[in-house]
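Okay, so here's the structure we're looking at.
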Amino acid sequence: MSVARERLERWLQTRDERLSGLPWLRTETHAGRTVRFVADEILVQDSGTAIAHRTLAGLGHRTSEIAEDEPSAGLRRLRTSGLDVSAAVRRLRGQLPQGSVVGPNHVFMSTPHEHGGPFGPPVAVDAPPAKLTPSKPAEASGTTSPVRVVVMDTGIWLDSPLPAGCYTATPENHETVLDGDADGMLDSDVGHANFIAGVVAQDTAGAQVRIVKILDSFGVCTEADLAVAITGLTDTDVLNLSLGGFSVGDLPPAALSAALQTFLSGGDRVVVAAAGNNGIADRPFWPAAFSTAGGTAGWAAQVVAVAAHDGTAICEWSNTGPWVSVAAPGADIVSTYINHELFASGWAAWSGTSFATPKVVAAIVDRVATAGSVTAAAAAVRAEAQGNPLGGYPALR
C-alpha cells in the first residue's frame, strides 16, 4: 500500500471511529439509504408542540420525562430517553397540517464518504501557486461595494498562509483544536474554512469574506444549530455551505427549510451549497437539494447546488441528480491550509464538492456589478454554465 493510500485509510478509519464514538449520534440505514440524526430528540414548530407531547405519550413516554427547549424563535426541541425518532416523526407528520415543521435533528457533515465536504485528506503542496490579494473595504472600493460572503464552516485556524486581510472572524469563530481526540493525527476538517476562503481569495478580489463557525474540527454539526446560525445571519449577500447530509425519508429537513425561507425570502441573497461526495444520483443531499427538491418554495432559485468535475468529466465521487445546478472544478484544488510540520508551505491540494462550491461563489461575486444584483449574478452564472455542459450538467470551467 502506498504512503498516500495508507494515510487515507487511516484518516477514514479515524473519522468512522470518531462518529461511532459519539453517544448522541444515531445512524439508520433502510434499503441501503443511510441517514444520521441526534438520538432521542425531535424538532417541531411551536404550534405543533401540544400534539407532539401527545404523540410521544402515545409511544410510551411520560410527559414528566420529556425535556423541552427553544433553540430558536418558533422552534421547539423535545427530548426523551429511548425515543424511536423515525417512528415519532412519521406519526407526527400524519397528524400535523401539511407543511408543518417537524423532523429529526439531522446531523450534517463536511467529511467524505457518507456525507459532503472534502473527499479524502489534504495533500501538502511544495510552494504556494498564487498570491492572494485581500479584498478592499467597502469605503475604499469606490462605487462598487464588495460582495459580503459568509463561509459557514469550521472555525478559521489563525496560523495559516491565508492573509488576515482576506477574511474577518471574531474570536468565537477561530478554530483552537488540531487533534481533539489526541490520536496523533490532525482532525479531519481542521483548515477546511481556511481552504475555502483561500479559493475565494484566489478567484476574486470582490468578496468580503466572513467566517462563521458551525462545524467542529471533525466537520460535524446538527440541523438545529445550523438553522439557528442561518436565521441569525445579517450583512450577508452570499452564503457558502460546503456541508450537508441526507434526511429521513429523503424529505426536506424541516427546521433547515424554515431557516432558509427566513434567510432568503424577499431578499437579494443566494446560498451556494455542496452536492456531497457519495457518488450517487438518486437521493437529494441537503441543503443543496433545496435548489429544486425543496418543493414549490419561491426561494428555491436562490439556492445553487454545486457538483464537482475534474476538467474532463464529473468526478466519480460527486453526487449528482436533477437538483444539481452547476458543476465546477473540485478535483485537486490547491489553496491555503494551515502551517504545520506536515504542510511546510501551509498550502495543500484537496478534492471535494466542498471546494467546487467557493469556485461558484467567486463567479457570482465577479458578476454582481454587471448583473446589478446578487440573484441576477447567480442567474448569469447558471446561464453561462448552460453553454458549457459537462457530463450532462451545466459547468463552469
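Note: Cβ is positioned from N, Cα and C throughout, glycine not excepted.
Quantities reported herein were computed from a predicted structural model and do not represent experimental measurements.
Features of the protein shown, as given by TrEMBL:
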- ASP153: active site, charge relay system (ACT_SITE)
- HIS192: active site, charge relay system (ACT_SITE)
- SER354: active site, charge relay system (ACT_SITE)
- 147-364: domain 'Peptidase S8/S53' (DOMAIN)
Distance from ASP153 (active site, charge relay system) back to HIS192 (active site, charge relay system), taken between C-alpha atoms, in Å:
7
Whole-number Å distance between the CA of ASP153 (active site, charge relay system) and the CA of SER354 (active site, charge relay system)?
10
Measure the Cβ-based neighbour count of HIS192 (active site, charge relay system), defined as the other Cβ atoms within 10 Å of its Cβ.
32
For the active-site residues listed here (ASP153, SER354), which one has the lowest count of neighbouring CB atoms within 10 Å of its own CB?
ASP153
Which state, by DSSP, holds ASP153 (active site, charge relay system): helix, strand or coil?
strand
